[in-house]
Each structure stands twice: as structure tokens, then as C-alpha cells.
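Right, one structure below, let's go through it.
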Amino acid sequence: MKIALLCLCLFLSVCVFSADAIAQPGSFDVRRHLSTVTRYEVSTDAQRHAPPIPNPIPNSCQPIHLNLVARHGTRSPTKKRIKELDMLATRLASLLQDQHNPSISIPEWIRGWQSPWKGRLKGGELIHLGEEELYRLALRVRDRFPHIFAEDYHPDLYPIKATQVPRAAASAVAFGTGLFSGKGTLGPGHHRAFSVVSESRASDILLRFYDTCATYKDYRERHEPQVEKLKEPVLEEITSALISRHSLNFKRQDVASLWFLCKQEASLLDITNQACGLFNKTEIHLLEWTDDLEVFLLKGYGKSINYWMGVPLLQDIFQTMQEAIQANEENQPGGMYERARLRFAHAETIVPFSCLLGLFLEGDEYEKIQRSESLDLPPKPPQDRNWRGRSIAPFAGNNMLVLYQCRDKQKGQNSSYHVQVLHNEVPVSLPACGTDFCPFEVFKEKVVLPLLKHEFNSICDAKSVVRDVEAPKPCSWSCKFSNFLGGIFSSAQPQQEKSEL
């Protein structure tokens, strides 16, 4: 059942980050190393300082339709995580009581520390930073594509969809407030009302496919413990280092909770000298990598079901493009057909969808996934890697697919159509196309059609799941990696693909 939310958009004042809120390019800033907990402005700051990329789009081409898939903005910790931080406060107090050596230097903030979210009974809501992220994103999108947003608002022209989770719906409202600001009669900002539509969690296969795909839920339940096993050596190494530096009897779970606290303090509160200050630069790089590893294995290229289940979303986007092309070919007035479809969801939506498009791959990896071959895990620091949660799905991270109509009126040529993909507002080249301005027929033949064979109901039928992985036995670091990969990719070959799903 679809639930329509009529949003009365009132005046929203926009705060701009101070000059020192984001460190200068080139300097180490822990806020740029928080995986998917990274704020949007921090994640994209380096891009804004990079030299501008020449626009390759011919003057004869005009954008006629836009699809947006965006993650919700910066949010507070969830209720479960708030409880974890309360337990951490108790644990830190206990560690201090067990330390009787007055000559030991203990970080002052630990003494008497209490969680900033102490006493909160609920969490996970969009905070003001998240509202601003989506509001400003909308202003930039409107300025970048004025032709698409030139029509008066109508829910059929600019449908806005969000998951049935308050922070996603609130993100949609913040975006819509910016997008339609100055186009209404409400308040001094001349805002207007608009609708946000949500599908029931139980049936939302477009934006919450990870909740409705039984095969994926089974896979994730079985493999989450093994992912935690892969993290253990890093956490053990850092635990030993913290004990040595501070003479407090930290356990591995303490370090995991302190890293979580570091991410929350740095991203939400701009506090980098407390929990984050416990770790050195090398340790932060390693902790970020463990988070990215988890995203890779449980949401990304680590298993084909992670992204194949997102095919209904790609199919929906492709259908809107076909309808826009048909409307243009029939010379329908601009106000008669959909101009943009705007969707607001979660990291579990953005990451698989980015994988469907083949983003963030290196070398011959795209060819490998086309042949159903396994990919190597993201390389461990200090090696560099493309796969970074902070770039793939920061708060408010987004993918835009913009459809262009191209026609040389002087030569009387028929229209041709192209698709431009932008990730976090930056044009990206699709491996299947070899360009960031892909002919529509190439997009159709090389990106969409090969994926449509992965029909949602077939691949998400849990009855066909084969429990092909046993719980890992204790072994060395390299052995754990080998065992895990063996389970992950035991059915990677095409002839075994069906049994895996």
C-alpha cells in the first residue's frame, strides 16, 4: 500500500560550514576516513578542489529527463547504537577504576565521559546537517538542469519517492524544499507543498530490495559472522597498541565501540580529538579499510546477489527513459510527461545500484564480473584502492542518470539520445560504454538488457539457496581470507551459478 505524505514546506535557513570545518586538501583529516559515515560535503570536498573537467556534451544536446537515487542525509545513531555507547561509558569507567598507576597518562576526556546521546530513547533520525545536505543538493541540481525543472510542479511531472523510513522521507522533504523554493506562496521563502510517496517495507522491491529478497537475507545472515572474523586481526593488532600506549586493559569490543564513537563524534559533532585521538593515522586507515571490506562483501561486489537484486530499480529507471523518449518523439508538450523521478533511500540501495552500473572497478574487474568470476578483496593499506565507502555511499551520496536529446537542426537529422551518469554530481564513465556520455542504444544493449535476465522473483527465492559455506575454523590471517573467499565464490563459475542462488 502506498502512503502519500503531503509536505508543507516552510522556511529553511541554510547554514554554511565555516572555513575551518573541513581541513585543507592534502592534510590528514579523520573526517575523510569514516567509510559510509562520512558527511557529503567532506566526501566531495576534494572533488571541488580538483581542476574542472571540460564538458564533453555537444551544444546540440539538451537534458530532457533525470533519475535520482540518493541516500538519506547525515543521521543520529540508531537506538541500538545509542545503547552501545552507554555501555561503552560504563566500560571506560570500569577500566579507569582498574588502573592504579598515577604515572600513567590517560586521555583526560575519558575521565567521566558520557555519551552525547545519553538518555535518548530513540535514534536514527535525520539531523540538521543531513537536512542541509539534501537542501543544497537540490539547489545545485536545479541550477545545473534548469530545462528539466522549468515546469510548474505536479506530482506526475516530478514524482518523489522515499522508503518507509522517517530519515529517508525527511531527506526527500529537505530536497523538495530546495528544489521548489521560490515557486510557491508559502512563507517568505515562497515555498510550496509537494507529495512524497512511500511503498510498504514488505513490498518495496525498488528501494528496499534488500529487505524483500529472501536469498540475500539468507546470505547476509550466514556471512556476517565471517566478515567479523576477517576484521579480528586488525582489531586485535590495534587493541594491543592501545593497551601499550595507555595501559588500559582494552578488549577487542572496546576498540570496535571506540571506532564507532570516533565516527559519530567526527561526522556529527566535528570532534576529532577524543575517541579519534586514540588512534594514529595508520590505525585509522586500517579501521576504515575493515568498514570498506564489510561494505564490499555484504553490499557490493563480494557476491552477485548483492546487486542483482537491485535490477527492478534499474528496470524502473530504464522505463522512465523510454517513456521520455516516446513523449519527445510524439512532440508532447513538456508539461505533459514526467521530467524527473527522485528517489531517497539508504546505503543498502546506493551501493548495489552503483555495482549494477559497474562503478568503482579497476583493471579487468568489469570483464571478470561479466564472466561471473571472483574479484579480489579491496587491497589492504597502505595499498591504494578505488573501493571506498566514503566515495561510494557517504551520507546524501547519490547517482543521477540524465537523459539527453541530441539533434542538429541545421542538418535536419533525427534525434539521438544519450545517457550521462553522475555519481555524487561528478560525471563517471560506464565500463560497458567506455564514456560518461553513453548512446542510449548502447546503454540499453550493454548495461540494461544483460541484467534483466536476473529476474527478481527467481533469484530471490530462498528455497533455491544452497548452504555452501561452513563456519570458518580458527586459522591464520591469510587462511581466514582464503576460507572466506572460497565460500563466497565457490559457485562463481557460470555452470554453478544457478545452484548458488
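Counting starts with 1 at the first residue shown.
Even glycines carry a Cβ here, placed using N, Cα and C.
TrEMBL annotations: computationally assigned, not manually curated.
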Of the candidates Cys406, Cys433, Cys438, the one sharing a disulfide with Cys61 in TrEMBL: Cys406
Nearest-integer angstrom distance between the alpha carbons (Cα) of Cys61 (disulfide bond) and Cys262 (disulfide bond): 46
Distance from Cys433 (disulfide bond) back to Cys276 (disulfide bond), taken between C-alpha atoms, in Å: 42
In sequence order, the disulfide-bonded residues (Cys262, Cys433, Cys438) whose C-alpha falls within 10 A of Cys406 (disulfide bond): none
Between Cys433 (disulfide bond) and Cys262 (disulfide bond), the C-alpha gap once rounded to whole angstrom: 40
For Cys262 (disulfide bond), the number of other Cβ atoms found within 10 Å of its own Cβ: 24
